[in-house]
Protein chains: 2
Amino acid sequence: MPTVSSEELAAAAGVNSAKLRKDFSYLGSYGTRGVGYDVEYLVYQISRELGLTQDWPVVIVGIGNLGAALANYGGFASRGFRVAALIDADPAMAGKPVAGMPVQHTDDLESIIEENGVSIGVIATPAGAAQQVCDRLVAAGVTSILNFAPTVLSVPDGVDVRKVDLSIELQILAFHEQRKAGEEAAGEPGTVLQAPKETGKGPDGDVPAVMPA
Amino acid sequence: MPTVSSEELAAAAGVNSAKLRKDFSYLGSYGTRGVGYDVEYLVYQISRELGLTQDWPVVIVGIGNLGAALANYGGFASRGFRVAALIDADPAMAGKPVAGMPVQHTDDLESIIEENGVSIGVIATPAGAAQQVCDRLVAAGVTSILNFAPTVLSVPDGVDVRKVDLSIELQILAFHEQRKAGEEAAGEPGTVLQAPKETGKGPDGDVPAVMPA
DNA sequence: GAATGTGAATTTCTTCACAGCG
DNA sequence: CGCTGTGAAGAAATTCACATTC
């Protein structure tokens, strides 16, 4: 399929075709009137815009189950991420291979970051260690942190943190599940709210806004 | 701190206080004019609305590194989730304790779900097994699925799926990182876009919309 | 006096609809 | 003729501002 129309893409994504065209237009005029978008060219332009064409070395700190799962996760490489090092505070872990890579000790954190030009760090340590690891990462030059530890990290200005809370997604499912259960018993005391407005045919299913009664 | 004002909460959350009050008002009138919101009561009302006061038994299918990490994740219990069973297709895993709980074999998936009244399933299997596991979960009565496998699952109407892609968060960080790097060299060829508009003082830092030039 | 709850004003986002180009 | 790109219209979300209540 060499080209694709905004109509087709919009249908696949479950959004309005005008919105899709307008969004694309913010990236530039990459379509051809009367024809559509050249798939390969479009993919390249979007990839470039998102930073997928760059090489991003990352370090993963805390090689427990989650750290190991992340190290083994195939999705990273295909998006331009390269796991530059696995770091753990446990001396017993040092040298052990995880995902075909020897685990290194926290002592070498600073030098590893500098040598590899790492600007993105992933924290998969227990909650208690997270802030300390974070501080060291930042001091060593890391400016973006993905935090899996159940703590809120404080960082200086200019450093981005994203926190991944694995239970939030479950939370959202449970919220919908609760609504499904409540549908049979509408008007029940305590059921103050209406069902969420379905935003569209989108397969997305985001968190619905709670609507006024 | 027995009560809190919308102003304080809004400042803490980095949003406008009127928005916060309006949002709360959709849940009911839980505040007191001239005083604010009773913290304990508010927490209870929000918890109830979100379904935190219910007990949600979940099963985790696929006990590799990620499945084990999820099983050990402390955040679930505090939000009303109870890991009812860990299930894996590998017979060698059966009976092994993970997070203080014996792993059970996929053969028993249906009976486990029925016996525990499970309506939420977590899939942490390799991509190849995910759809099959999903089909069995759905057939057994599961109506919400959290999918960590890098596959798009197809499910019948009435079943909710949420897909967690661990690389998307990294993606977002890399996107910002790219922007930071681009700031020094503004006007560079290829730098078509403006910097994202900062939405507010929110500590949130969501994905910025790309703005028209 | 202090802070909620909410209509009205404002801003932002989405969709329409069509001129313009290949 | 078909489909993009985009002003203008319409819808939705956010903020203002104040009457109301404790």
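Using the three backbone atoms N, Cα and C, a Cβ is placed for every residue, glycine included.
Copied over from TrEMBL, here are the features:
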- B:51-152: domain 'CoA-binding' (DOMAIN)
- B:Gly62, B:Ile63, B:Gly64, B:Asn65, B:Leu66, B:Gly67: NAD(+) binding site (BINDING)
- B:181-213: region 'Disordered' (REGION)
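Feature map: TrEMBL annotations on the structure.
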residue : record              : contacts (Cβ under 8 Å, 6+ apart)
B:Gly62 : NAD(+) binding site : B:Ile87, B:Asp88, B:Ala89, B:Ile123, B:Ala124, B:Thr125, B:Pro126, B:Ala129, B:Val133, B:Ala149
B:Ile63 : NAD(+) binding site : B:Ala71, B:Leu86, B:Ile87, B:Asp88, B:Met93, B:Val98, B:Val103, B:Ala124
B:Gly64 : NAD(+) binding site : B:Ala124, B:Thr125, B:Pro126
B:Asn65 : NAD(+) binding site : none
B:Leu66 : NAD(+) binding site : B:Ala124, B:Phe148
B:Gly67 : NAD(+) binding site : B:Ile60, B:Val61, B:Leu86, B:Asp88, B:Val98, B:Val122, B:Ala124, B:Thr125
B:Ile63 (NAD(+) binding site) in three-state DSSP notation: coil
Confidence summary (mean pLDDT) of the domain 'CoA-binding' (B:51-152): 95
Proximity to chain A among binding-site residues B:Gly62, B:Ile63, B:Gly64, B:Asn65, B:Leu66, where any Cβ pair is under 8 Å: B:Gly64, B:Asn65, B:Leu66
Secondary structure content, the domain 'CoA-binding' (B:51-152) (per DSSP, counts of residues): 35 helix, 29 strand, 38 coil
